[in-house]
Amino acid sequence: MFKDLFQKKRKYATIPSERALSGDQADMPDRPKREIPEGLMTKCGKCGSIQYSKELEKNLKVCPVCGYHMRLNAMDRIRMVLDEDTFTEYDADMISVDPLGFPGYASKLEQQTLKSGLREAVITGDGLIHGLPTVVAVMSFDFFTGSMGSVVGEKITRAIEQAIDKRLPLIIFSTSGGARMQESILSLMQMAKTSAALARMDEQGLLYISVITDPTTGGVSASFATLGDINIAEPGAVFGFAGRIVIEQTIRQKLPDDFQTSEFNLQHGQLDMVVHRKELRDTLGQLLDLHSAKEVE
């Protein structure tokens, strides 16, 4: 009796292993794991927080935790910026071919169309913003990383020409990894072609607003993306020509952490303003209103 009083008691309860379970319990099948439906949740690429995709879309794909601006496809951007049911698309049937017979290019174009649901890396057309007519060109990183080939350059040039013919302002939303290497010199010449078209537009005294989104690099950043009368960027967007690693290896110097961000470019005079996505539509509407022709009584 006294021996039992002074016996050390266990502090923690132990859970028996499967081997210690009775035969009936050990033979019980494992419960099926509940799978999360694909697309239900989205992980922020910056802070790593998990958000409901539908709630994120309501927030214009801006992370509510850290404010990171996630990438939008072209049609989502059009719905966000233009007045409802006012968009008319240009050149919807224009698609890329394989002019140089580049190995695997034709099949990659098919794969990119199936993957993104787009026929090219840019959608052009016209519509209204706050009731004011404008021509728009909206690039999408989802198709071939927004690379500029001959069709992208041609569609943007035609959009510029439409703006000239209709005497309308032009807004281009850029996002691109640069020139499309599978089209070689035909891709590179689009830099000159789009820039020349914008020069003709400038001669006509028409407004061109460039909106730079994440990321805008290479040939696009070295041509029409930086030729706006007003250059705007979304917060945190990567905007530059060559990549950070290439530059650091060339100049043998460590670059600042915020190098090639929209904030860095604003500070160094490359941009006129950095505008949060929630304020972008109203900002564009105000700029169009300020530059629209008004009759003087």
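The count begins at 1 with the first shown residue.
Each Cβ is built from the backbone N, Cα and C atoms, and glycine gets one as well.
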Exercise. Examine the ranges 44-66, 67-89, 90-112 and name the one recorded by TrEMBL as zinc finger.
Key: 44-66
Quiz item: Once the chains shown are all counted, how many other Cβ atoms turn up within 10 Å of the Cβ of C63 (Zn(2+) binding site)?
Solution: 20
Practice problem: Return the residues near C66 (Zn(2+) binding site), defined as same-chain residues 6+ apart in sequence whose C-beta is under 8 angstroms from its C-beta, sorted by sequence, else 'none'. | Solution: C44, K46, C47, S49
Quiz item: Under an 8 Å Cβ to Cβ limit, what residues of the same chain, 6 or more beyond the ends of the zinc finger (44-66), are close to it?
Solution: 72, 76, 80, 236, 276-278
Quiz item: Which has the fewest other Cβ atoms within 10 Å: C44, C47, the binding-site residues listed?
Solution: C47
Quiz prompt | Other same-chain residues whose Cβ falls within 8 Å of the Cβ centroid of C44, C47, C63, C66, the recorded Zn(2+) site, in sequence order | solution = G45, K46, G48, S49, P64, V65, G67, Y68
Quiz item: By DSSP, what is the split of the zinc finger (44-66) into helix, strand and coil residues?
Solution: 6 helix, 4 strand, 13 coil
